[in-house]
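> My questions will all concern the structure given below.
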Amino acid sequence: MKRHTRKIAIIGTGLVGSSCAYSIVNQGICEELLLIDINHERAVGEAMDLSHCINFTNTRTKVYAGSYEDCKDMDIVIITAGPAPKPGQSRLDTLGASAKIMESVVGGVMESGFDGIFLLASNPVDIITYQVWKLSGLPRNRVIGTGTSLDSSRLRTILSEMLHVDPRSIHGYSLGEHGDSQMVAWSHVTVGGKPILQILEEQKERFGEIDLDEIVEKTAKAGWEIYKRKGTTYYGIGNSLAYIASSIFNDDHRVIAVSAILDGEYGEYDICTGVPAIITRDGIREIVELNLTEDEESRFAKSNDILRDYMKTIGY
């Protein structure tokens with residue numbers, strides 16, 4: 001019986017790309033992993049290093065360096081290429097440089113005949129995901145950004161430390177921009193199935209000091225707290241990429257907060273922003289529309305308006 005070989009390409013083998021590749025190899029997410037970088041020798045070195053670690057895993061992944069031409073048969077192309085923000089910059093400040101890089105990258109990939117799924121981590125990821133959708137001409141369900149997947153994970157981690165509950169028992173999402181203007185849909189955050197707002201109301205003596213706005217800010221600024229200490233972040237986002245790729249190949253139907261192009265969902269059109277979505281073998285099967293409160297709707301709309309203002313600077 002013929003079995004389809006799962007193939008992934010990673011474009012950009014810096015710290016994020018190499019961390020993603022390491023996660024993919026260790027988890028055995030695909031059978032072939034192609035690495036592409038403007039510095040080809042770096043991609044070759046990363047491929048060699050990853051190949052040498054495979055004997056210490058329970059997987060067998062073929063890792064090699066190549067070019068855009070090799071993307072033709074890839075199922076997923078992950079793009080991590082792009083400039084890192086400098087001290088004092090926001091992710092949005094890197095837009096101009098990132099957009100120029102995407103024009104070259106997407107053009108090269110599509111010329112190969114690629115017809116799979118794009119998975120983006122390059123910042124500002126929401127706007128870059130929208131740009132890649134426009135440049136590629138692929139259906140909107142097959143162009144996905146990491147969005148607020150990592151932010152939602154950070155939110156659960158912060159809450160778990162405050163509530164002393166395993167983060168995997170906490171469910172909830174950050175929505176909107178993967179950046180400073182993101183918001184949390186508190187009306188849908190649960191701990192063991194119980195609404196967190198109800199828990200805080202019933203247990204004021206234990207949790208009366210918890211400030212929800214402070215948690216939102218702490219979640220949004222978590223990346224910068226890491227940046228101040230070690231210069232950049234890569235493990236979290238690398239694993240987020242691997243997690244989404246795994247969900248695609250396994251057809252898991254997992255709900256993950258990703259950058260998705262909206263066409264009427266949440267009353268929004270022609271914008272890419274962080275929302276929960278069901279991820280399948282075909283990409284985004286469905287965007288999950290949460291019933292937001294009036295205040296949450298306002299915060300979500302404000303975040304999207306900020307994204308729109310920046311989109312205009314690159315012609316969208």
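Every residue gets a Cβ built from N, Cα and C, even glycine.
I grabbed these lines from Swiss-Prot:
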ACT_SITE  His178  active site, proton acceptor
BINDING   Val16, Asp37, Arg42, Tyr68, Ser104, Ala121, Ser122, Asn123, Thr146  NAD(+) binding site
BINDING   Arg91, Asn123, Pro124, Val125, Asp126, Asp151, Ser152, Ser153, Arg154, Thr233  substrate binding site
BINDING   Arg156, His171  beta-D-fructose 1,6-bisphosphate binding site
> Hey, what's the widest CA-to-CA gap across Val16, Asp37, Arg42, Tyr68, Ser104, Ala121, Ser122, Asn123, Thr146, the NAD(+) contacts in the record, in Å?
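Spelled out: the longest distance between any two Cα atoms in Val16, Asp37, Arg42, Tyr68, Ser104, Ala121, Ser122, Asn123, Thr146 is 24 Å.
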> Which binding-site residues are spatial neighbours of the residue listed as 'active site, proton acceptor' here, meaning Cα within 10 Å, out of Val16, Arg42, Pro124, Asp126, Thr146?
Pro124, Asp126, Thr146
> Neighbour count first, Cβ atoms within 10 Å, every protein chain included; then name which of Ser104, Ser152 tops the list of binding-site residues.
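Comparing the binding-site residues Ser104, Ser152, the most crowded Cβ belongs to Ser152.
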> What does DSSP assign Val16 (NAD(+) binding site), in three states?
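Where Val16 (NAD(+) binding site) sits, the three-state DSSP reduction gives helix.
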> Any idea which of the recorded positions Arg154, His171, His178 has the thinnest Cβ neighbourhood at 10 Å?
His171
> What is the Cβ neighbour count of Arg42 (NAD(+) binding site) at a 10 Å cut-off, with all protein chains included?
16
> Quick one: give me the count of other CB atoms within 10 A of the CB of Arg156 (beta-D-fructose 1,6-bisphosphate binding site).
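So the number of other Cβ atoms within 10 Å of Arg156 (beta-D-fructose 1,6-bisphosphate binding site) is 23.
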> Which entry in the list of binding-site residues, Ser122, Thr146, has its Cβ near the fewest other Cβ atoms, using 10 Å as the limit?
Ser122
> If I take the Cα of Thr146 (NAD(+) binding site) as reference, which of the binding-site residues Asp126, Arg154, His171 has the closest Cα?
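Closest by Cα distance to Thr146 (NAD(+) binding site) among the binding-site residues Asp126, Arg154, His171: Asp126.
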> Reduced to three states, what secondary structure does DSSP give Pro124 (substrate binding site)?
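For Pro124 (substrate binding site) - judged by DSSP and reduced to three states - the answer is coil.
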> Going by DSSP, is Thr146 (NAD(+) binding site) part of a helix, a strand, or coil?
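DSSP call for Thr146 (NAD(+) binding site): coil, neither helix nor strand.
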> Work out how many Å separate Val16 (NAD(+) binding site) and Arg156 (beta-D-fructose 1,6-bisphosphate binding site) at their Cα atoms, rounded off.
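On Cα coordinates alone, these residues lie 22 Å apart.
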> Hey, how far is Arg156 (beta-D-fructose 1,6-bisphosphate binding site) from Ser122 (NAD(+) binding site), Cα to Cα, in Å?
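Just about 23 Å between their Cα atoms.
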